[in-house]
Amino acid sequence: MQTVQRRTLPLRLPRVRPGGVLPILAILAVLLVLVGIRQPDFLAPPSLMSFLGRSAPIILLAAGQYFVIVSGEFDLSVGSLVTAQVVVAARLIDSDPTRTWPVVLLLLVFGALVGLVNGLITTRLRVPSFITTLGMFLILVGAVYLWSDGAPKGGLSEEFRRFGRRAFEDVPLLGRVPYALLVLLVLAAVAVLLMRSDFGRTLVAVGDNPRTAELSGVRVWRTRTIAFILSGLAAAAAAILLGGYSGVSFQAGAGLEFGAITAVVLGGVALGGGRGSVVGAMLGALTLELLFALMNFYGVSGALRSTVQGAIILLAVAVSATRSSSR
Amino acid sequence: MRRSMAALAAVTLLSLTACATDEPSASPSGSAPAAGSGTGDQSKFFVQADYDAELSLLTATPTGPADKPWEQVLNPKMVDTAKFKKKGPYKICFSNAALNNPWRQVGFKTMQAEVEAQKSRIKEFVHVDAEGKDQKQIADINDLLGKSCDALIVSPNTTATLTPAVEAACQAGLPVIVFDRGVNTKCPVTFINPIGGYGFGHVGAEFVSQKMKPGGKVLALRILPGVDVLETRWSAAKVAFDKAKVDVVGVEFTDGDPAKTKKIVDDYIQRYGTIDGIWMDAGAVAVAAVEAFQDAGKPVPPMNGEDQLDFLKIWKDKNLTAIAPTYPTYQWRTPIIAALRILDGEQVSSPWKLPQPTVTQDNLDRYLDPSMPPLHYAMCGCTDLPGYPQRWK
């Protein structure tokens, strides 16, 4: 299918493969130059490292969201899932370091379970994924409120918090390397390997044309459900890093689903599925965070963040719509 | 097919984004100045006479038992309550703005314990939680009027919106006691609160501007706009900062959320290299602000927090230059005591101004109790109440 497209658009898009990472790399480079002009200190290794560590949760969420979006669905529940995980972790750990690891395990199981439920409702009960995950969003928000009477209780142990907060200090050249960055690198490598495996190809095929995939023997429902589980797991990992970064919070994940979706479309992944790479999605998240950092350096109000996200989503959809109509 | 799906997706996402930012607290202040332009216009909540009165109360001597600050009064002005005299035991009703932060959680537990301590005189205690929504609280108060309460206690969610509902309750003839946040009417029998926002804001701002280098950069962190106790805190701080010619580089709303606070402080540290003072209108997020400096490898500047134990602990452990003006949670005991006195026909003070102690370096150890949870408030005045300490853990 992509060969057809390449043949019809030889002049307009020379050598830039749709869904490739070149455009996002170009945007990233431009932003880096702009940041370098305004705030050269930011590009020094220690602050760059801490920026990457701080951005790790949203990059992980973008990777999780990529699996779902490339398979042709959406996951709007990840932000509330992150909040729920942080609140649950604080209450269960209750500042007792010995409970750290069991709770970490529980969070991963909880994330996978929410993904499984999202996936099964979407694929087996045929509820559109906007509705499924929007419902899940409301369920989680309400459940957390009910369970905690509207204010977080307990506390996270230092051991739990170190993933999101601590770093290897005094590393030659780099200064400090946040644990969050290492967690990110490992999980990103896993995501890339996953997308290169048979599962990855199947996932893209399902998003590109579910009927063709079905006819060629793919169990579409199972593939999509796994994508939702991966998104839930990514949310759990992001929650562990975010909770570590800021401590107990009732709004740890507020708005993160939009951040993740914006990052994914910015990274060249088509809404509707079937096109784009997981590396692109993660670079999209990094670019978005860098854009927000730049807005901060120029003193632009934080309120504009959602405006910028909205504009990016609209622009990306418009571009992909023009492309598909020119087929 | 894909095109229409994508378009639907965009519409859904955008409408959700709009919902997510609908709350006033979620957006930075419309009137907040841009970076570097100082403290901005004075709040419409600022009343010079009240400001002067509160600042003079900071040094006033309270009347009443010294070991029970929740029964003490500053500058009492007694009012007659004979017309409310009634035989007990009573049904006392409470319309609560919300339980949505640890301060209110601690306070409400203290109030429940006070009710338990007075159970021979209170046959029923009805609590309705408005969950932070004005409309719900207006409906709640309206409902309670039909439930034959002997006295109504109201902790209003926001000042202006709840005023008519409180006036309606007064007209229904039962004694109304407003506490914590105020309303724009004098109809309740009494309004109970500590010295108040001007006192809180002033103490913190004076300390920060005195302890930092002259002309240094201060970041002011506020929870949300439009609540009188918070508006007055900021407006008093603004007066102090303007007088001290401090460079207030930002006034930001944090929603009282640590993650948001840490990001904001981190952004400011990156934008300005460092920040020389932190002032906040409530201490719940003080630890997040401290951590932002620690994680950026910068010294923590002079700052204020509140009497929440996590802040007192990090203050002592890291030897911070800090102060904690308080808005004591022991004030949640007072409305119950006031309701019983009013129903006995005893005179009460209106307004009922409670003392508002400040935690300083010198008395820090007295308030820091490591056996209580990090989100507990030191000034709960609850150690003599039934169920201490388990109820608050």
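Glycine is treated like the rest: Cβ placed from N, Cα and C.
Note that the coordinates shown come from a computational prediction; the quantities given were computed from them, not determined experimentally.
The transmembrane segment feature in TrEMBL is assigned to A:21-39, A:51-69, A:76-93, A:99-120, A:127-147, A:177-195, A:226-246, A:278-298.
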Report, as numbers and ranges, which residues of the same chain sit near the transmembrane segment (A:226-246): CB under 8 Å and 6 or more residues beyond its ends.
54, 56-58, 60-61, 63-65, 67-68, 70-71, 73, 75, 78, 81-82, 85-86, 89-90, 104, 107-108, 110-116, 118-119, 122, 156, 160-165, 180, 183, 187, 194, 199, 203, 252-253, 256
Out of A:51-69, A:76-93, A:99-120, A:127-147, A:278-298, which stretch has the largest tally of CB pairs under 8 angstroms to the transmembrane segment (A:21-39)?
A:278-298
Counting only CB pairs under 8 A, let me know which of A:51-69, A:99-120, A:278-298 has the most with the transmembrane segment (A:177-195).
A:51-69
Please identify the stretch among A:51-69, A:76-93, A:99-120, A:127-147 with the greatest number of Cβ pairs below 8 Å relative to the transmembrane segment (A:278-298).
A:51-69
Which residues of the chain, 6 or more past the ends of the transmembrane segment (A:127-147), have a CB below 8 A from one of its CBs?
68, 73-77, 79-81, 83-84, 87-88, 91, 114, 117-118, 121, 250, 257
